[in-house]
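Novice: Below is the structure I would like to discuss, written out as structure tokens.
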Ligand code: GLU
């Protein structure tokens, strides 16, 4: 192991899950459904459920969103374990991870501009595939802008609890991806891997939009020598146009005053329609905790229109 892990108490019953919203907007039907699924899956295993605010990208964040997300989760009756973590307070951990990767020869500086990539790179599963221009050294006189992981050749495969077998040749589909961005901010891929490892997360339950990122995260875990958690990617919530619900697609914010109705909807979208007579938040949670079964959750997108 080249990256030393903090001493953390072992996860209760071997299961520690988490919900990790980015405060770029308020909770909407998609993020609420992810919270519900990850929470119930953790509780069904007698496990812990942690909260992590992924506030790594200030230009995209909305003032007050982190507090509003926490207040909404509280109004819904979610009970999280431990202190809420904020990525904005954890930069030293990301720095330590990058230093370890540089020392082991797994990370390298890159001087390429977006314009150069647009001219020379082909498109992959998530933007441009980095053509490896700076892998063997910066051009003479060029300064480092970003830092990248030198991704090994070969397929990264894993079994997702809902989506089944997933495989991706990261080197071919994505290329050497960014760890520290040219604008000086830490990349999501690095921060999420470092935090899941340091926080002892054993099970990652999140939206299927992130399935494309998981092989990158596993490649990074291998480079850092940290464990790979179990993954479960919940069905994507889409609008009438088939687009993922998000701030960009103008998904409306959840109204905490309508929490019981919203919780009922979220459970139904996850294949757990509560029976008539389950009306209050307390009744819905009691029923959901007793009946939650991943086998009832579909894998494909759910229309929320
Ligand atoms: N912060 C990410 C998001 O809000 C989720 C990260 C994760 O669950 O790994 O989309």
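Every residue gets a Cβ built from N, Cα and C, even glycine.
Whatever TrEMBL says is automated annotation, not expert-curated.
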Novice: Could you check which of 21-31, 32-42 is flagged in TrEMBL as motif ''HIGH' region'?
Specialist: 21-31
Novice: If you look at how TrEMBL annotates this chain, which of 234-238, 239-243, 244-248 comes out as motif ''KMSKS' region'?
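Specialist: In TrEMBL, residues 244-248 carry the label motif ''KMSKS' region'.
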Novice: Using only the Cα atoms of 18, 19, 20, 21, 22, 54, 188, 206, which the record gives as binding L-glutamate, return the largest interatomic distance in Å, rounded to a whole number.
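Specialist: Max Cα-Cα spread across the L-glutamate binders: 16 Å.
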Novice: When you measure from each Cβ to the nearest atom of ligand 1, which of the binding-site residues 20, 21, 22, 54, 134 fall under 6 angstroms?
Specialist: 20, 21, 22, 54
Novice: Using DSSP, tally how many residues of the motif ''KMSKS' region' (244-248) sit in helix, strand and coil.
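Specialist: Within the motif ''KMSKS' region' (244-248) the tally stands at 0 helix, 1 strand, 4 coil.
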Novice: I need the CA-to-CA distance for residue 20 (L-glutamate binding site) versus residue 134 (Zn(2+) binding site), whole Å please.
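Specialist: Distance (Cα to Cα, whole Å): 33 Å.
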Novice: Using the recorded L-glutamate site (18, 19, 20, 21, 22, 54, 188, 206) as reference, state which further residues of the same chain have their Cβ within 8 Å of the centre of those residues' Cβ atoms, listed in sequence order.
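Specialist: Here the non-site neighbours turn out to be 52, 53, 192.
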